[in-house]
Amino acid sequence: MAAPLTLLLIVAVTIRAVLFRSNLAELISERVEVVSPLNAWKRVVEGLALLDLGVSPYSGDVFHETPFMIYLFHFLVDYAELVFMIADGITAVALYQSIQTYNKNVFRKQKYALESDRYPADCLELLRSPKEMFYIPLKVAMFYLLNPFTILSCVAKSTCGLNNAIIALFILCTLKGSALLSGILLALATYQSIYPLTLFAPALLFFLQRLYIPVNLRRSSFWFFTLQYAFIYVGSLVVITGLSFFLLGSWDFIPSVYGFILSVPDLTPNIGLFWYFFAEMFEHFRLFFICVFQINVFFYTIPLSIKLKEHPVFLIFMQIAIISIFKSYPTVGDVALYMAFLPAWSHLYRFLRNIFLVSCVLLACAALFPVLWHLWIYAGSANSNFYYAITLLFNFGQILLVSDYFYAYLRREHHLTHGLYLKKKDGTEATLVLK
């Protein structure tokens with residue numbers, strides 16, 4: 001598989017290099033769907049200019065990236081295009097190897113279950129074959145590298161691509177079984193944007209499953225490993241934050257980065273749910289609704305972790321999708337990361353109920369974003385309601401997509417336990433309902 005992956009990387013780099021040299025690069029870098037106040041390249045350049053003048057990049061209200069990011073580009077600003085292409089390549093290779101490792105684990109567990117005769121006789125057609133799984137890692141890499149959302153994000157030089165690379169490496173280290181590297185990379189991802197904190201639960205569940213430690217609050221082994229992994233994660237986060245302080249000589253970055261993410265003061269339009277709602281919000285209600293909106297990202301972690309405690313890799317996919325939908329400043333680069341996982345769940349297609357509708361909705365929204373923006377900002381024949389309406393529809397489509405995959409995954413697992421053709425007590429065919 002090395003040759004197809006190499007060819008895919010060459011094609012992806014060529015596409016990006018051509019677009020970097022085209023007149024479209026500047027236009028793409030201005031698109032509100034592609035960049036946000038957090039990750040826009042123009043803001044990074046402004047921060048670098050302030051740093052070169054000996055002024056804190058956080059002294060104004062322009063730069064909101066982390067100190068590590070600005071010091072990275074302080075040395076590599078002349079090679080920025082190369083950095084973003086390499087980041088996309090690293091993400092694709094990490095996802096490729098992650099899914100390859102995951103498929104090996106799935107096949108091994110499936111083989112053991114078959115040998116111990118755990119599956120009902122009528123559900124053998126639901127089992128995955130090595131031939132079926134062979135090309136899935138390559139498809140995942142292809143879904144990421146050739147996704148228009150990823151390409152646009154890279155050409156716009158959105159730092160979202162670098163965050164995706166960190167999360168992809170975290171997933172790889174987790175699936176490879178390295179708790180130390182997993183904790184460090186998760187801390188780095190959290191340091192970048194807070195929201196990856198929710199990935200702590202699926203990573204912990206994966207390691208507990210790998211080490212055959214039951215999720216039991218009365219077991220000392222459970223608490224020992226949980227505290228051990230939490231110590232690696234929290235300790236790494238403290239060290240990274242401390243290094244940021246020594247780089248800058250102040251704590252200015254904390255309100256400028258994390259305060260900015262949580263309080264949402266910049267209401268520049270984007271593909272998220274926050275900007276329009278808080279533009280219309282009365283100031284004395286603002287704090288309450290900020291808390292309500294922000295809790296959305298973190299609230300689903302506990303119930304999903306309980307429901308999917310035996311399936312931590314699918315839980316990682318669910319959490320990444322929830323982050324990309326409910327974060328305060330989302331871009332299409334965030335959407336591209338979780339969509340790259342869709343080929344890994346190709347065995348669920350027979351149980352999906354709304355995939356055609358959702359595909360049409362997402363494609364239509366992607367096409368209408370620039371149209372309605374032009375009508376609002378340039379032609380003056382529309383207003384912000386039009387643009388927010390298509391934003392709501394886009395997020396509705398994403399929620400429907402994720403919930404459909406969640407239903408399909410649970411339904412397949414139920415069939416693997418109870419059989420494919422379910423019957424009621426009276427002998428008639430039963431229907432599964434997700435509640």
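Heads up, the Cβ atoms here are built off N, Cα and C, so glycines get one too.
Note: TrEMBL annotation is automatic and uncurated.
Keep in mind that what you see is a predicted model, and the values were worked out from it rather than measured.
Features of the protein shown, as given by TrEMBL:
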SIGNAL    1-17  signal peptide
TRANSMEM  134-155  transmembrane segment
TRANSMEM  167-188  transmembrane segment
TRANSMEM  194-213  transmembrane segment
TRANSMEM  225-251  transmembrane segment
TRANSMEM  257-278  transmembrane segment
TRANSMEM  285-302  transmembrane segment
TRANSMEM  314-342  transmembrane segment
TRANSMEM  354-379  transmembrane segment
TRANSMEM  385-407  transmembrane segment
> By Cβ distance under 8 Å, which residues at least 6 away from the ends of the transmembrane segment (257-278) in the same chain are close to it?
Replying inline: 32-33, 36-38, 58, 61, 64-66, 193-194, 286, 289-290, 293-294, 325-332, 335, 369, 373, 384, 387-388, 391-392, 394-395
> So what's near the signal peptide (1-17) in sequence-distant terms, Cβ-Cβ under 8 Å and 6+ beyond its ends?
Replying inline: 81, 84-85, 88-89, 92-93, 96, 137-138, 141-142, 145-146, 151, 154-155
>> How about long-range neighbours of the transmembrane segment (225-251): same chain, 6 or more residues beyond its ends, C-beta under 8 Å?
In response: 56, 58, 66-68, 71, 179-180, 182-184, 186-188, 190-191, 200, 203-204, 207-208, 211, 213
